[in-house]
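Accompanying notes for the structure given below.
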Amino acid sequence: SAGLDLAGIFLFAILTLMTLIAILVFVEEVVYIYRKIPSSKRSILIWINAAAPVIATTSCIGMWIPRSTMFTDFTAAVFFAIVIHKFLLMMVKECGGQKLFLRRFEKGRFKISTGPCCCCCLCLPRVRITRRTLLWLKLGTFQLAFFRPVLMFLSIVLWTNGNYKPYNLSPDGAAIWINCFVGILTIIALWPVGIMFRQVRTILNCKKIIPKFALYQFILILSQLQAAIINILAMQRIIPCVPPLSSSARGAYMIQQLLIVEMFLITLISRVVYRRRYDDLEPPEGTPEEGDDNKQTP
């Protein structure tokens, strides 16, 4: 950022201002959650609402300090891995918690032929909803939240030793193998969220679960898929190098600047979606809700 012209300084200032506004909106949202939301839901909602501001912040740091890009990207990826797990837990919590969820769907079955793993395998049998199958779904998302930091640590250790180069995707380098492994773990983690969403989207329609799921999907696509596409274009030199920036550096700048704008907008939309007053679910078979989990004060 040392050789910026006037237009560049203006662009960086606008993007930094967007990041600061996103952080302030999130802080105000946290205050609201602590004042109005039952304690059993606070942690989950704060994690989910923090996804967009955290990605905007890491992108802003990476934009101002280009050498930190690898660390900021890793931090954002690890944070979102935890958010994927928290989103699954939120859907169960919105149904009244695990006990009421199992009671509500005791005669139901999970449809496992859903994306991103098995959307084409329509012949797969439906699985009974039990405590064990619910545990497997939770483990499916938890494994990414656990292994992503481990792989991040391994990558940094290899990078300090000169064995890990983020833009070297040759079979001899460590980056291609670590990235492929992370990709497989991510797909496995997204599958349980898709299965759970198909199960609860009708009953949680009053809680606006569809807009919440759409926001979660947008963050996923923009922070993972968009970044991967731009990186590939940069590595193939389709994004030309403009001295002093190489193709990879220009690609990284594009990703960071796009993410700041996109996450700023998602932060504002999330504030609207998560702060609406929702109707409470009817307890199954006249059972009282446990701990008033579903009551939200406007």
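Cβ atoms are placed via backbone N, Cα and C, with glycine included.
Residues annotated as transmembrane segment in TrEMBL: 6-32, 44-65, 71-89, 135-159, 174-193, 213-234, 254-274.
Under the criterion of 3 or more C-beta pairs below 8 Å, with sequence separation of 6 or more, the transmembrane segment (6-32) and the transmembrane segment (254-274) qualify as touching.
Panel annotation: around the transmembrane segment (254-274), residues 11, 15, 18-19, 21-22, 25-26, 28-29, 45, 48-49, 52-53, 55-56, 59-60, 62-63, 69, 208, 211-212, 215, 218-219, 222-223, 226-227, 230-231, 239 of the same chain, lying at least six beyond its termini, place a Cβ under 8 Å from a Cβ of the stretch. Tertiary neighbourhood of the transmembrane segment (44-65): same-chain residues 1, 12, 15-16, 18-19, 22-23, 25-26, 29-30, 33, 37, 72-73, 75-76, 79-80, 82-83, 86-87, 89-90, 93, 212, 216, 219, 223, 252-253, 255-257, 259-260, 263-264, 266-267, 270-271, 274, selected by CB-CB distance under 8 Å and a gap of 6+ residues from either end.
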